[in-house]
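A short worksheet on the structure shown next.
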């Protein structure tokens, strides 16, 4: 195909047997997903050059056409229910995502509750252990008093049962107040410290994942090949081919066709974000 350019480029290479896939650009045709070859546009669109598969040609508008290929219209009556179903599907997906978020929140609350329960159980065990230790100390003091009383030691400070009960009650109240203070502090620390620890943990995980993704992107960019357009090339189908201007820098995305075989048509991406297929003999590889 001849192009409007000052310097005529080499002859275009032939398309591979496996074909090439259409690329979705912003200025591509709406039916480009159907075409995998530039000539397919003449099949899908019967008004291509106003000469589709019309046996009476497109120059005579008084003779009806017998084109078996019906053009793709977007305003057909059947597209209304399809769009409604798509809207319903998107709503159902949004509700499902909200349900997943609520479920994860409930699981986090349940885990926090289990953590508080385990902390309270450990505090009760600690209380029992401390009580046992104080009981042993009290028993030893009683044995000491009995031994001293048995040997009639002069420095015995005898205590009647009433005074001992009052002392034991005061000591028990003091222990209970200490236990209540410790329990309150543990609950406050759990309510404040546990969410902070979880947030810090997730933040560290997010930072590590971000660094890994950046390293992968950097590695992928380093492995890309770049080429420079030596000739101008006008695309024959915006849905498949990509236009080139002399001096354009293109990142090579693929050098194979749809079947994985090497071909002379390469898939690339320009700095503007446009992607498509272009002839390899119109460009030269940039050496690093």
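Even glycines carry a Cβ here, placed using N, Cα and C.
The feature compositional bias 'Polar residues' is assigned by Swiss-Prot to 22-32. According to Swiss-Prot, the domain 'SH3' annotation covers 222-288, on the basis of sequence analysis. The feature region 'Disordered' is assigned by Swiss-Prot to 1-32. Look at Swiss-Prot and you will find 178-198 tagged as transmembrane segment.
Same-chain residues lying 6+ beyond the ends of the transmembrane segment (178-198) with a Cβ under 8 Å from its Cβ atoms: 108, 112, 115-116, 119-120, 123, 127. Mean pLDDT for the domain 'SH3' (222-288) in the predicted structure: 86.
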